[in-house]
Amino acid sequence: MAQVYNFSSGPAMLPAEVLKLAQQELCDWHGLGTSVMEISHRGKEFIQVAEEAEQDFRSLLNIPSNYKVLFCHGGGRGQFAGIPLNILGDKNVADYVDAGYWAASAVKEAKKYCAPNVIDAKITVDGKRAVTPMSEWQLTPGAAYLHYCPNETIDGIAIDDTPNFGDDVIVAADFSSTILSREIDVNRFGVIYAGAQKNIGPAGLTLVIVREDLLGKASVACPSILDYTVLSENDSMFNTPPTFAWYLAGLVFKWLKQQGGVAAMDKINQQKAELLYGVIDNSGFYRNDVAQANRSRMNVPFQLADSALDKLFLEESFAAGLHALKGHRVVGGMRASIYNAMPLDGVKALTDFMLDFERRHG
């Protein structure tokens with residue numbers, strides 16, 4: 001079978017080694033004669049899977065001991081509600097930074113539970129889309145928390161600054177599309193959450209990292225399945241968790257450790273992004289409209305000089321084994337999502353195709 005590279009924004013490409021191991025173990029996991037999907041989440045066999053996955057995740061991100069790690073249902077959108085329902089306490093105002101589509105979606109959900117103060121961070125620099133520097137965000141004194149999205153998959157915008165607002169500001173962040181792709185200081189955050197379907201594993205699982213002192217503040221209206229305290233007290237097994245997704249996430253964590261951990265992935269991701277943006281920037285045929293300081297290393301949107309060629313580009317790229325390059329309907333054009341599982345060879349294959357397509361149609 002010819003090599004295929006999947007540039008989908010999510011559900012996204014998984015490491016080939018992980019898929020092969022899961023395939024080998026699918027029908028007879030660890031000699032039990034059953035699949036890992038079929039065993040009890042409360043049995044000792046799966047408890048070991050769950051504990052190892054959490055330990056490896058903690059190791060990869062150097063998560064301090066005073067933070068809980070929760071394996072949840074509901075996706076990122078579930079946490080759009082989970083954050084205010086758990087963190088507001090007796091306050092009604094929270095700061096929300098709007099830098100793109102997903103940040104705006106979080107604001108929309110938050111309005112059901114509080115009065116979000118929206119900080120519009122979208123700016124233009126030299127004709128390119130950018131984000132107001134974090135140091136210039138105007139926060140509300142006494143706000144319950146500050147929420148932002150470090151990586152916007154649709155807009156191709158990243159906020160890589162490290163929060164430094166003081167101990168009195170609780171920072172909540174949606175790391176769904178950038179978790180484990182670069183090193184972060186977890187101590188700077190009160191809550192970090194991430195849907196699994198980009199850099200962790202398959203869809204259906206969401207990870208939450210929450211500082212222990214923020215537990216016990218949930219609204220009485222908070223559903224138990226979103227209550228961080230309930231989930232923590234039950235080791236993320238208040239109800240039956242997405243066990244197969246949890247198992248696959250554990251395999252991905254072990255794969256990441258074998259690659260050298262997050263620091264090694266950070267370097268590889270930088271190489272991949274530089275290669276792809278380099279071809280775009282040095283071409284009169286392709287363009288990206290995000291300022292360099294805010295370009296995403298995970299999601300690279302680009303336009304062709306002539307949109308009439310979009311359909312042909314997608315047809316030819318698919319035939320060449322380069323799949324899921326169509327841009328989001330909101331922005332159009334193309335988008336290459338190059339998460340951790342995308343090898344450098346995959347990006348090289350894409351850039352080689354782009355240069356060849358330009359030679360033939362430019």
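Glycine residues also receive a Cβ, built from the backbone N, Cα and C atoms like all the rest.
Under DSSP, Ser9 (L-glutamate binding site) is assigned to coil, being neither helix nor strand in the three-state scheme. Marked as L-glutamate binding site by Swiss-Prot on the basis of sequence analysis: Ser9, Arg42.
Summarising the annotation, Swiss-Prot assigns pyridoxal 5'-phosphate binding site to Gly76, Arg77, Trp102, Thr153, Asp174, Gln197, Asn239, Thr240 and lists sequence analysis as the type of evidence. Residues within less than 8 Å, Cβ to Cβ, of Arg77 (pyridoxal 5'-phosphate binding site) and separated from it by at least 6 positions along the same chain comprise Ser105, Glu109.
Counting every protein chain shown, the Cβ of Lys198 (N6-(pyridoxal phosphate)lysine) has 30 other Cβ atoms within 10 Å. Residues annotated as N6-(pyridoxal phosphate)lysine in Swiss-Prot, with sequence analysis given as evidence: Lys198.
Around the Cβ of Thr240 (pyridoxal 5'-phosphate binding site), 10 further Cβ atoms fall within 10 Å across all displayed protein chains. Taking the C-alpha positions, the distance from Trp102 (pyridoxal 5'-phosphate binding site) to Lys198 (N6-(pyridoxal phosphate)lysine) comes to 15 Å.
In sequence order, Gly10, Pro11, Ala12, Ala203, Gly204 make up the list of same-chain residues 6 or more apart from Gln197 (pyridoxal 5'-phosphate binding site) whose Cβ falls under 8 Å from its Cβ. Residues listed for pyridoxal 5'-phosphate, Gly76, Arg77, Trp102, Thr153, Asp174, Gln197, Asn239, Thr240, cover a largest CA to CA span of 31 Å. Across the structure, Lys198 (N6-(pyridoxal phosphate)lysine) and Asn239 (pyridoxal 5'-phosphate binding site) are spaced 24 Å apart at their Cα atoms. Within 10 Å of the C-beta of Gly76 (pyridoxal 5'-phosphate binding site) there are 23 other C-beta atoms, taking all protein chains into account.
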